[in-house]
Amino acid sequence: MDFKRRQGPGPGVPPKRARGGLWDEDEPSQFEENLALLEEIEAENRLQEAEEELQLPPQGPAGGQFSTADIDPRWKRPALCALDPNTEPLIFQQLEIDHYVGSAVPLPGGPPTSCNSVPILRAFGVTDEGFSVCCHIHGFAPYFYTPAPPGFGAEHLSDLQRELSTAISRDQRGGKELSGPAVLAIELCSRESMFGYHGHGPSPFLRITLALPRLVAPARRLLEQGIRVPGLGTPSFAPYEANVDFEIRFMVDADIVGCNWLELPAGKYVWRTEKKATQCQLEVDVLWSDVISHPPEGQWQRIAPLRVLSFDIECAGRKGIFPEPERDPVIQICSLGLRWGEPEPFLRLALTLRPCAPILGAKVQSYEREEDLLQAWPNFILAMDPDVITGYNIQNFDLPYLISRAQTLKVDRFPFLGRVTGLRSNIRDSSFQSRQVGRRDSKVVSMVGRVQMDMLQVLLREHKLRSYTLNAVSFHFLGEQKEDVQHSIITDLQNGNEQTRRRLAVYCLRDAFLPLRLLERLMVLVNNVEMARVTGVPLGYLLSRGQQVKVVSQLLRQAMRQGLLMPVVKTEGGEDYTGATVIEPLKGYYDVPIATLDFSSLYPSIMMAHNLCYTTLLRPGAAQKLGLKPDEFIKTPTGDEFVKSSVRKGLLPQILENLLSARKRAKAELAQETDPLRRQVLDGRQLALKVSANSVYGFTGAEVGKLPCLEISQSVTGFGRQMIEKTKQLVESKYTLENGYNANAKVVYGDTDSVMCRFGVSSVAEAMSLGREAANWVSSHFPSPIRLEFEKVYFPYLLISKKRYAGLLFSSQPDTHDRMDCKGLEAVRRDNCPLVANLVTSSLRRILVDRDPDGAVAHAKDVISDLLCNRIDISQLVITKELTRAAADYAGKQAHVELAERMRKRDPGSAPSLGDRVPYVIIGAAKGVAAYMKSEDPLFVLEHSLPIDTQYYLGQQLAKPLLRIFEPILGEGRAESVLLRGDHTRCKTVLTSKVGGLLAFTKRRNCCIGCRSVINHQGAVCEFCQPRESELYQKEVSHLNALEERFSRLWTQCQRCQGSLHEDVICTSRDCPIFYMRKKVRKDLEDQERLLQRFGPPGPEAW
């Protein structure tokens, strides 16, 4: 539903801390250490509580109102075939991996069981036949490393193990008592830190293995504080890989990547037929060392027939108040099921409160009691057993509302929505904050064994749109509109009859269907599966974690093969570095072809070419101390030093080479593949590989990260700046008249990884030829794999300023342009009203496509005239901005923030909340009133006939974008005088407000319709216009007819959109321009009818 409270994505992240190098001399303050200690203790307690909860006695749903007879056999998973664990292997695609604490199980070839609690990993997945699987993986214990202190030998191992185990047990008092030793083993081994090149090879490290994952944090903390070792005093131990999640640690060691296929060999696993812990069809136990992991290549790239469920709910709210689960009932829950790979949903189900008329193609199940309705849905979930659950804003509205409502009504068996028997789905609050998105509060609902893909959260994270309502995104990506029912109307439909409830159910089913369409169209599931495979993390991590865990996983895998360890780095310092180079643009309108040359994967290529990595970094002065020859290391443009690959090949360059070569193979396979499902997988894979390669550089420069390294990130951008400058110099020195070319080439602009070159030729074909030649020639001057490629030609080309340009793009065919490309202009920005984007786009189209600058000027003047004369529809004037912080947290007053506060006072339930985009228009007010005081809700403006501040829109919204476009064509001084002054700006229309101001103290008097003079009676005309009364009446009737015809057209269009030509239009979609037009015309009709009533009833002579 579009009225749901929308809040932003993501789990909470710690407050930002500044970045610093590994070798900073300053020690952290005691206060910072205490804060870190508190944070770790809280994390331990949360993990401990979660593990304890997992051990609660089963209470799963029993009975319920959704009987077996109500279930279509096609909804269920296929019946389980006989499986012999001794002769048949079990092969399945895992979707989610987590862990819990339980009792050990006797397994073939496994160690003897004990009464102590042990960590058990749990992999949920699906077989090729569609059977659901839960695999309990035993025998893997958490561990981390620390350098052995000087003088430490094998004789000290038992003493350290005893001291550390005692210290951890003492530290855990007050919590759950440990049933056995905290430290299982401490071993001596040879490893090397990945941070910096030391030249001495491996050194002694201690591998500390613990009983439970939650003991890693206290063990690390106690070791950092110092542990007594007989004969060595109380040395402090620096932790390595102690901040790695238990699941990631297991997947790295077992060589398992996200969503890959696992094989359990025959005779190595035990099938649980009794005492099952989950609702899965197949539940097995196996040793972690017996699990075979298949790399996602060839036949193992396929995706199992996953079952995807999309759902939506409707609530009956009170008038003007947003639904609250403590008071407002759930009246409908609609669900659609899809088997991945099939074209159509196999399941359409509407659960309704009170009888509902049948719906073609869907099963309708009605209930008289809300408690029965609520119990039926989890029972249906249990029967259908979905692998993936999707919807629109289910994370922040649907799921929390259902769970809270069931709790209010004491439907105790409702919140068992996951696959683990007896484990409740709980709600917890989460907060995410960053410079890019500000602060977003959200909720997280646990549903173990099922992957949640909230399409609103996906779109917020991956796409920048003006509006994120389901209607807006459906129109943007699918080209489809939908009926949008206001929450206050939903109650009226519910209280109507079977047909009105049917209409509500159809609306609800469509709201469940559209997220499925979006999931398929945007390839969200496929892309995330492939990203999980490429980066090696569980699928759930991609949806709830940040970017860094993806690089950490790849880094750990590569490091393990070479005996390298990742240190735990405390980020302290606060340095910054210079970003990429932008060559100063030569602004203007170019009516000649401009060739664009682009560095392919610039930052990854730089890191590979120059061997930039943690493992190759030299400390200041280290090159001399280690006796390195000048040809064995490089000095970067920023003064940092790294050894060359001949001395040591860096980890990051190896990771990048693997990613880019895998992408090349995936693209080659994609070009040959004909099967549409396989093409989707390959396309998702090559995209995941590209994104992963580009994110490695960002990982090294992250302010608060697992392993920040300023030396790498600043060196990369330093080389990038140097290469752009060198490319400019090479192009302009070769392509000259002296060297036999038609003209002297000129680089008109360069930005980060691309340069725009004017070769002085007149045809696109010649520019393409010279562009390819120049790309190959320049590439020969840079080390491999750095490569400059010809990308496209712009003709014509409008260069406005840095990061702002537009042109017709030719990439392959010199005779036909691909599209009109705009960067940084209001045509593609979302922080202006649609009028700006539409006017900029239409003006650019006239300039670039039609080659008619004069026509563009005339069109812009016409639009400005329409604006000043109040002929622009209000939907074109709506500005939307995101509410990223509370009002008190903004440094200055903001228009959308102030409006949100006013709307909260009018109606707290429907007011925008954090993470929402707030639509508003600027209305007219007294001179000197600040713009933030003039923001108002568009619907409120229409209902109360508030005047629009057209001068604001002309001066603050249209003026600068138009001048940016037309100044290169008309000249800086002339553009302003032609566009913003002149006859077209002299005629203005101002509406009279019906509320506020001095109108509260004035008495309204009628005016003559003919001459506008004040009259003292209720009639339509004065005595001087009386002879023309018939003529004036006919004129107003004609105006009324025109309004009625316009309203009928708009009404019919809305009826077609809602799918019924015989029902009232109740849609209130604020993202649809038709809605505002319909509201405006309806109001104009009412005013016109009142005006005609002033003429009085027709006299006898009219008959």
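Cβ atoms are placed via backbone N, Cα and C, with glycine included.
Database features, via Swiss-Prot:
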- Cys1008, Cys1011, Cys1022, Cys1025: Zn(2+) binding site (BINDING)
- Cys1054, Cys1057, Cys1067, Cys1072: [4Fe-4S] cluster binding site (BINDING)
- Lys570: SUMO2 cross-link (CROSSLNK)
- Arg19: omega-N-methylarginine (MOD_RES)
- 1-29: region 'Disordered' (REGION)
- 4-19: motif 'Nuclear localization signal' (MOTIF)
- 1054-1072: motif 'CysB motif' (MOTIF)
- 1008-1025: zinc finger (ZN_FING)
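Comparing C-alpha positions, Cys1011 (Zn(2+) binding site) sits nearest to Cys1072 among the recorded positions Lys570, Cys1057, Cys1072. Just so you know, of the binding-site residues Cys1008, Cys1054, the Cβ with the fewest other Cβ atoms around it within 10 Å is the one at Cys1008. Same-chain residues that are not part of Cys1008, Cys1011, Cys1022, Cys1025 yet have a Cβ within 8 Å of the Cβ center of the Zn(2+) site turn out to be Ile1009, Gly1010, Arg1012, Ser1013, Ile1015, Val1021, Glu1023, Phe1024.
DSSP assigns Cys1022 (Zn(2+) binding site) to coil, not to a helix or a strand. For Cys1054 ([4Fe-4S] cluster binding site), the nearest of the recorded positions by C-alpha distance turns out to be Cys1008; the candidates were Lys570, Cys1008, Cys1022, Cys1025. A sphere of 10 angstroms centred on the C-beta of Cys1011 (Zn(2+) binding site) encloses 12 other C-beta atoms. Residue counts for the motif 'CysB motif' (1054-1072) under DSSP, helix first, then strand, then coil, are 5 helix, 1 strand, 13 coil. Per Cα geometry, Cys1008 is the residue among the recorded positions Lys570, Cys1008, Cys1022, Cys1025 nearest to Cys1067 ([4Fe-4S] cluster binding site).
For the [4Fe-4S] cluster site, the Cβ centre of Cys1054, Cys1057, Cys1067, Cys1072 serves as reference, and the other residues of the chain with Cβ at most 8 Å from it are Gln481, Glu483, Asp484, Gln1053, Gln1058, Val1065, Ser1069, Ile1074, Phe1075, Arg1078. Restricting the recorded positions Lys570, Cys1057, Cys1072 to those with a CA within 10 Å of the CA of Cys1025 (Zn(2+) binding site) leaves an empty set. Spatially, by CA atoms, the recorded positions Lys570, Cys1008, Cys1022 include one closest to Cys1057 ([4Fe-4S] cluster binding site), and that is Cys1008.
A distance of 50 Å separates the Cα atom of Cys1072 ([4Fe-4S] cluster binding site) from that of the residue listed as 'SUMO2 cross-link'.
Of the recorded residues, Cys1022 (Zn(2+) binding site) and the residue listed as 'SUMO2 cross-link' place their C-alpha atoms 85 Å from one another. Here Lys570 (SUMO2 cross-link) is positioned 80 angstrom away from Cys1008 (Zn(2+) binding site), judged by their C-alpha atoms. For the binding-site residues listed here (Cys1025, Cys1067), the lowest count of other CB atoms within 10 A around the CB belongs to Cys1025. Within 10 Å of the C-beta of Lys570 (SUMO2 cross-link) there are 15 other C-beta atoms, taking all protein chains into account. Counted over every protein chain shown, other Cβ atoms within 10 Å are most numerous around Cys1072 among the binding-site residues Cys1022, Cys1057, Cys1072.
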